[in-house]
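The following features are taken from TrEMBL:
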- 39-58: transmembrane segment (TRANSMEM)
- 70-89: transmembrane segment (TRANSMEM)
- 101-120: transmembrane segment (TRANSMEM)
- 126-145: transmembrane segment (TRANSMEM)
- 157-175: transmembrane segment (TRANSMEM)
- 195-219: transmembrane segment (TRANSMEM)
- 254-274: transmembrane segment (TRANSMEM)
- 280-297: transmembrane segment (TRANSMEM)
- 331-347: transmembrane segment (TRANSMEM)
- 359-381: transmembrane segment (TRANSMEM)
């Protein structure tokens with residue numbers, strides 16, 4: 001599975017200065033730690049996951065609507081603020097990652113207590129408060145993880161951090177389905193029991209990830225403390241601005257990340273499948289299938305070699321266009337999927353085409369959407385590093401001596417810049433979360449509009465016709481003020 005990364009790893013070794021390979025932060029140094037502890041970030045990714053499949057349970061336990069959209073907006077709003085702070089004002093360090101994951105354990109404990117005892121709107125508000133705390137901690141964990149990975153691990157660990165969250169969604173969704181069969185979720189009491197089981201699982205995974213990364217820190221803490229003394233104070237704003245400047249060299253990959261994130265949150269899970277005209281069980285199944293195929297798409301992305309071969313560039317094509325052409329298939333996938341999702345929303349609005357009330361079609365849409373989001377996102381994160389490596393190769397002395405490939409104008413990417421994975425990952429992380437916020441706003445507005453339309457008297461009469469059920473009759477009577 002990993003053989004397609006060989007060329008990419010070879011390109012890394014080529015561009016690194018021989019003196020940098022074996023010293024602290026060099027390729028061999030990081031590879032040795034990666035082989036032993038790389039999966040620690042998979043568990044941290046699982047621990048920081050914001051799982052919205054349990055939002056249906058939470059809505060029942062606290063008797064509130066649209067819990068998913070409210071959570072998304074608050075969670076990622078705080079998260080983006082933290083990312084900005086770390087980019088411009090706070091220098092990330094390993095010890096900050098350790099402190100934040102232990103605080104996350106504490107937050108999970110409070111979530112478990114609330115799942116057991118909290119009720120009504122007060123319980124809902126407290127639950128949201130700790131979700132907001134989790135968003136703050138995830139922001140710290142994301143940026144400090146980028147720093148730690150750039151110093152001690154390979155970029156593969158950053159993908160583990162992302163993929164872990166998706167894997168946890170699958171496991172928690174399957175656990176929720178099992179609880180639905182064994183315990184049930186038809187009453188508030190049973191829904192609460194299922195929510196408690198989910199929170200216990202959350203806490204267990206968080207503890208495992210926390211202990212593992214703490215062990216890694218205990219091994220390398222002396223080196224980290226020495227680096228704190230040796231490193232001179234950097235101007236954080238100047239470093240952040242430099243990272244934004246580097247983004248122009250992988251702008252196509254950045255756009256793929258933005259589109260994938262906006263599409264993911266805009267449609268899933270609130271619009272598709274939750275607003276579709278299908279049973280609760282199929283809505284839950286559609287949400288689970290989205291997550292399963294997102295993870296499958298991320299796994300499939302490892303079969304794609306993101307190495308960019310400079311020799312394949314045509315002399316008549318500029319460097320930006322050459323890199324953009326690599327991503328054209330991904331943009332076509334977005335157009336096809338957004339069009340298909342749009343047809344489903346058109347169907348539920350006008351009650352035509354039969355898409356919105358067909359569970360098979362909705363599940364297929366969820367599957368394809370999840371696969372496309374997972375596949376394109378992972379490819380873009382890995383491809384951003386390849387783009388920087390491509391430009392750094394153009395700047396190397398070997399290429400300059402050969403003159404076989406013209407350098408790009410104003411190319412500032414050196415091998416050292418390309419080797420530091422945080423240069424791309426920090427910016428990709430920021431725009432990834434910003435896109436989540438934008439997507440949650442789009443989803444919330446669209447949900448409100450669709451809900452208001454479906455509750456209108458005209459829609460009820462037009463969609464139900466001669467087959468009005470008791471719920472439709474009561475809704476119609478309230479709208480017409482007959483009761």
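Numbering starts at 1 and runs along the chain as displayed.
Each residue, glycine too, has its Cβ placed from N, Cα and C.
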Same-chain residue ranges lying at least 6 outside the transmembrane segment (157-175) that approach it to Cβ under 8 Å: 34, 38-51, 53-54, 142, 145-146, 149, 197-198, 201-202, 205, 284, 287-288, 291-292, 294-295, 298-299, 374, 377-378, 381-382, 421, 425
Long-range neighbours of the transmembrane segment (101-120), counting only residues six or more past its ends (CB under 8 A): 44, 47-48, 61-63, 126-127, 130, 133-134, 137-138, 141, 192, 195-196, 198-200, 202-203, 206-207, 209-210, 213-214
Segment proximity, the transmembrane segment (70-89) to the transmembrane segment (126-145), 3 or more C-beta pairs under 8 Å: yes
